[in-house]
Amino acid sequence: LPSSTQRLRHSSIMETKPVITCLKTLLIVYSFVFWITGAILLAVGVWGKLMLGPYISLIADNSTNAPYVLIGTGTVIIVFGLFGCFATCRGSPWMLKLYAMFLSLIFLAELVAGISGFVFRHEIKGTFRRTYTDAVLNYNAEDEASRAVDNLQHNLRCCGVYNYTSWFASVYYPSNGIPASCCFNSSDCNQEDLRNATAAPSKVYHQGCFELVTSFMETNMAIIAGVTFGIAFSQLIGMLLACCLSRIITANQYEMV
């Protein structure tokens, strides 16, 4: 007959097994969601590189590495998301601890990024003002920055930095007038009118692009910050699950199958 110690040990294992199964299921679900997050970041990074390159050049003094950062971060998260699923299925305590450590690093990085974006938002606005002003003053309708200005003005229905008068100081205006991307009705907007400082105001948008973009940033700053911190703190759930599962497996010497 089994001793009382063996019976207690067997009873403890039987009671612990449902807990481990539950934690395992939760962590696999979390890891899968985490993996999807990485895939989304990777997709956004690729899309940003292919589609937003010109716009990014308007908000940064130099070519920014933001798309590459998103691509790299997304790839790493995909790899560790798969690693988290494997570690959970394997039931390896050291793998689970490594997974929890990685999640803690991601949490800290996202927290720092979110706080930095909020603290330095005025510097970001200042950089955008400076780079967009330079793009307007040096506009030639041909290079990448000029095409980005045209797209921004056409899509947001704005004109110039503060208003259409920003174009009067540009190198483009004396011979070509205000760019056609400022026109609110392209069929009733010719170059003759756009070169005429008296006729042009009735043909173009009056709202400046800088005010439009920055007001959008300010209005949605709380939402952006909330989403950023929400994603960051979600890493704490994964850390807690991984650490709890690792400790329970180690304490009970339970072999996952």
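Placement of Cβ uses the backbone N, Cα and C atoms for every residue, glycine included.
Note that the structure is predicted; figures quoted are calculated from it, not measured.
Partner cysteine of Cys182, as given in TrEMBL, is Cys159 (from among Cys158, Cys159, disulfide bond). The most densely surrounded of the disulfide-bonded residues Cys159, Cys182, judged by C-beta neighbours within 10 angstroms, is Cys159.
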